[in-house]
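Not my notes, these are from Swiss-Prot:
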- 1-65: region 'Disordered' (REGION)
- 28-51: compositional bias 'Basic and acidic residues' (COMPBIAS)
- 221-253: repeat 'HAT 1' (REPEAT)
- 255-287: repeat 'HAT 2' (REPEAT)
- 319-350: repeat 'HAT 4' (REPEAT)
- 352-381: repeat 'HAT 5' (REPEAT)
- 383-414: repeat 'HAT 6' (REPEAT)
- 493-525: repeat 'HAT 7' (REPEAT)
- 545-578: repeat 'HAT 8' (REPEAT)
- 608-645: repeat 'HAT 9' (REPEAT)
- 648-680: repeat 'HAT 10' (REPEAT)
- 682-714: repeat 'HAT 11' (REPEAT)
- 751-783: repeat 'HAT 12' (REPEAT)
- 819-851: repeat 'HAT 13' (REPEAT)
Amino acid sequence: MERPSFLDQEPPAGYVPGIGRGATGFSTKEKQVVSNDDKGRRIPKRYRENLNNHLQSQPKDDEDDEAANVFKTLELKLAQKKKKRANEKDDDNSVDSSNVKRQFADLKESLAAVTESEWMDIPDATDFTRRNKRNRIQEQLNRKTYAAPDSLIPGNVDLNKLTEEREKLLQSQIDENLAQLTKNASNPIQVNKPNAATDALSYLKDLENDRVNSLSDATLEDLQKMRTILKSYRKADPTNPQGWIASARLEEKARKFSVAKKIIENGCQECPRSSDIWLENIRLHESDVHYCKTLVATAINFNPTSPLLWFKAIDLESTTVNKYRVVRKALQEIPRDEGLWKLAVSFEADKAQVIKMLEKATQFIPQSMDLLTAYTNLQSYHNAKMTLNSFRKILPQEPEIWIISTLLEERNNPDIPVDKLVSLLKEGLLELSKNGYKATLSAWLKRAEALNDAPNSNLTCQAIVYAILEWLRESGEYESELNNVDQILEKMPHSKVQIAVLKKLIQWDPCDTVLWSRLKMATESYHKIEELLAFFQELLFQTKNSDDIRANMREKSPGLLMMYVSEYWKAQKGDTRQTLVLIDQIIDFAPHNLDLRFFKIKLLGRSLQLDELRDFFQQTFSSLEDFKISGTERLYYKYVNFLRYQDLNEEAIKFLNERCLKSFPICHKFFLQLGQIYHSMGNIEMSRETYLSGTRLVPNCPLLWVSLSKIDEIDLKNPVRARSILDRGLLKNPDDVLFYIAKIQMEIRLGNLDQAELLVTQALQKFPSNALLWVEQIKLFKHGNKSSLKKTIFQDALRRTQNDHRVLLEIGVSFYAEAQYETSLKWLERALKKCSRYGDTWVWLFRTYARLGKDTVDLYNMFDQCEPTYGPEWIAASKNVKMQYCTPREILLRLMNDK
């Protein structure tokens, strides 16, 4: 086809393409030039013509051309600078990029070693922009539901076909799960079936736990699914009762009781030989007792040897006569059931019939030790021994028969010695070992623990422990069995068995203080402290080797004798006469035990037997004169205090100068006593001279320096010299914190609180964890006005001293001073829990109880058990010569009345 010629021609003037075909959307008018002023604003039409005429009429001059050239030159220069800057920037970017390439070159090369799995594990980059808002919107959209018409479902989807495929899939899964179940069900002999009906049994357990709960929280679909599964179980193995029981419990849970009963009835027809399904049927009909009796009778006809069904039949009967009748019928069917024989014995009132019944029961079940024990308990002593002898032949490896024999001997003769019972049990262990029985310590201790609370078994329990320990030791198995006895003792509770084990071990090693301490704790916890004292008395004076035991205890463990005397005195509730008799008895074979003599001195002083006390001192001096015994200076110290108690100061001074200081010239206690005697007599100069000579001979004793400084400060009113004395003592003992404390207390007494605070700060820098310094720091708050820092100081003190009981006490005292008694009580109880032997804590605790009006009976009982011994305030009272023979309770009352 030839090209049309008009396509190569020029269009006519005013030609607009498409306008002939009716095209629209464009203007056919000629575009007008829009006139604007210099600032870009549109010029109105009425001024345009005049403006054009004016511009055309105005001629161009050279200045305009020159200005235009200048501006053009400037624009060229600016353009060149801009271009140069861009080139430099590109060069910098190229350099930076090259540096980056070189920096990451090795990393790029290592990418070759990345495996495919590592590459896939690299997390994808996620968009965190407005993530929370997007998630919130998405959650809102997910919660929205919309109603959709059926027309939206495509017509080519076959719903019936889809349902059939789902049912096929579910059926295949059920068949796979039931494969093992069907296999096990078809096997008539199954000793152990851990995998049989596992799913059904687990589901049964869940239904049993939630049987009382409704299915309100389960959907209809889940309920139908469970029904389908259980139906498949029943269909696969209709003779398995677990499927029927599970289905019935499911319907029971769904509150469809009639359906559940119908299912379980069908199950009873399918599985009449299963006692479980009959019991489930009885449970579902438990409201109808008469029908339950019918069911249990039918069940017993099918299962006459099921003990559970017979026990259920017994429970359904309401009268004892009917119960006994059912029990007798059950025994005809199951004569070897121990529980039925026990029920029969409990229902029988005639003793003769019970004996006959137990005789028959032991013939059917000779291995039942409970029936044998009940049988021998009703027999006479002679007949019981014959019965046990016959059973030893039937059961030659049964150790319980020998234990029953021991109980029989104890019941027949309550005063029988333990040694005879031990011999009987050891004979039994020998016979058992001949028949292949191997005795173990743990097994026999468990047998003893089983008799721990049984009546008339105390001697037998002890004999079992003694017999097994002696048997293991004599049979050569001591190392293998008894090496772990400590671990066994730690796991055992405080009981008669533990006490018996400890007593036997102590008999083998009477000087073991650890075993004695354990025995003391066990007897105290079990409230058998008199048993500890009787055992002590037996070892020391009543056994064949008592002389050897006393000698070993005197040489190796003299503290055990003191423990015996102390516990005896507590048990006698302060009976001084009986305790003094015991002390004299022990002193006869342990004359050099000073602790016993000190205890006797304390008892004679508290009972105010001063003449006997003076005679005892003289007798002690004469008996120990030719022996060098450690602790003699304590004896002299107590004698000086005894003289001071009677105001025999001159005699005390003479005794100190002629005997004490000559025998012990560097004992600081004698210098302190001598100085205190002179001070009490008003001879201040001699008192100061005594302390001064003491500091020269014993310069490392801070008490002498402190006593000397107090003479100058308080008595001689010379605080400057007192400070100098403490400074000299500190120079000779730079690491003794007591000098800092003495200086701080002196400044507080003198009213120099700033100086005292400075000394505390200096001392804490050197001894940051010393509790006594922190106590002084807390005491300064009572004299100053820095209560705002109190909490901070408390926290620092507790942290640095690790909650020391003295710091806890001082915090409680500070709250007591502010009348915050409840808060003070809490801190004082914490301090007491931390250390119960600190006497000052008890004093302030009783003061707080008095302020709060609380009952102190229990607190006094705790106080009597603890017997506090130290604390500044407590020692100041207890070491007072006029109060040295006071009881702890008397000292407590005196201190409580002081404030």
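Cβ coordinates are placed from backbone N, Cα and C, and glycine is handled just like the others.
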Do any residues, 6 or more residues outside the repeat 'HAT 8' (545-578), come within under 8 Å Cβ-to-Cβ of it, and if so which ones?
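Cβ under 8 Å, 6 or more out: 510-513, 516, 520, 529-530, 532-533, 536, 539, 586, 589-590, 593, 595-596, 599, 603, 606-607.
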Given a Cβ distance threshold of under 8 angstroms, which distant residues of the chain, six or more beyond its ends, lie next to the repeat 'HAT 9' (608-645)?
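Cβ under 8 Å, 6 or more out: 591-592, 594, 597-598, 600-601, 651-652, 655-656, 659-660, 663-664, 667, 669-670, 673, 677, 680, 881-882, 884-885.
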Using DSSP, what's the helix, strand and coil tally for the repeat 'HAT 1' (221-253)?
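Residue counts in helix, strand and coil order: 29 helix, 0 strand, 4 coil.
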How does the model score the repeat 'HAT 13' (819-851) in terms of mean pLDDT?
93
